[in-house]
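Below is one structure; the comments refer to it alone.
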Amino acid sequence: MQVKNPILGLCQKAKFALSAAKVEQCPDDQGYEVAFAGRSNAGKSSALNTLTHASLARTSKTPGRTQLLNFFSLDDERRLVDLPGYGYAKVPIPLKQHWQKHLEAYLGSRECLRGVILMMDVRHPMTDFDKMMLDWAKASSMPMHILLTKADKLTHGAGKNTLLKVQSEIRKGWGDGVTIQLFSAPKRLGVEDAYRVLADWMELEDKPVI
């Protein structure tokens with residue numbers, strides 16, 4: 001008998017639910033939501049697609065194409081949310097301001113939001129956007145888990161060094177409430193660790209599978 005993380009089966013059944021340009025268009029505020037956030041080109045869409053074994057989130061060579069809150073249903077009461085990519089230079093300033101306004105409204109109002117997965121490019125961590133998200137998580141006591149993405153772009157030693165460095169910086173500035181790991185979509189590095197976080201936040205217990 002082995003123990004299988006039930007979030008794996010749910011993620012494999014993930015399907016697109018709806019897109020929302022503003023909070024009023026979001027699904028009913030009930031159940032469990034986990035939001036995926038990240039600066040443009042941090043590998044957010046690739047991470048989502050890897051965790052769901054599907055091409056749910058749009059990937060593009062032009063970062064910042066995700067302009068809406070995109071909801072993906074795992075079951076009747078659990079959802080993943082792809083938040084707008086933020087910070088790409090080619091996006092007009094008024095559009096950036098629009099994104100930020102509705103991103104802040106979503107983060108500040110959703111009672112069903114159980115945690116935020118924040119993507120950081122392991123080669124360029126702790127941007128101003130990342131720190132803004134960490135500040136918000138601390139102020140609102142929202143659980144946050146960081147994926148240091150694109151870990152395959154660094155050697156094992158360099159990736160570990162970056163992980164330890166970012167862990168230390170976060171601990172000093174934001175306390176012990178933030179967890180962090182290395183992640184690579186192409187290599188599927190760190191996928192099981194990410195699943196465990198999702199299962200915990202969505203209150204799914206490991207179940208024995210015969």
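Cβ atoms here come from the backbone N, Cα and C positions, even for glycine.
Not measured: the values here are computed from a predicted model.
Residues or ranges marked as domain 'EngB-type G' by Swiss-Prot on the basis of sequence analysis: 30-204.
Annotation comment: Swiss-Prot describes 38-45, 64-68, 82-85, 149-152, 182-185 as GTP binding site, evidence class sequence analysis.
Here the Cβ of Ser45 (Mg(2+) binding site) has 25 other Cβ atoms within 10 Å, regardless of which shown protein chain they belong to. Annotation source Swiss-Prot lists Mg(2+) binding site at Ser45, Thr66, citing sequence analysis.
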PLDDT averaged over every residue in the domain 'EngB-type G' (30-204): 89
Sparsest-packed among the binding-site residues, when each Cβ's other Cβ atoms within 10 Å are tallied, from Gly38, Gly85: Gly85
Distant-in-sequence Cβ neighbours of Ala42 (GTP binding site), under 8 Å, six or more positions away: Gly85, Met119, Met120, Asp121, Thr149
Whole-number Å value for how far Ser45 (Mg(2+) binding site) lies from Gly38 (GTP binding site) (Cα to Cα): 9
Fewest other Cβ within 10 angstroms of its own Cβ, chosen from the binding-site residues Leu68, Ala185: Leu68
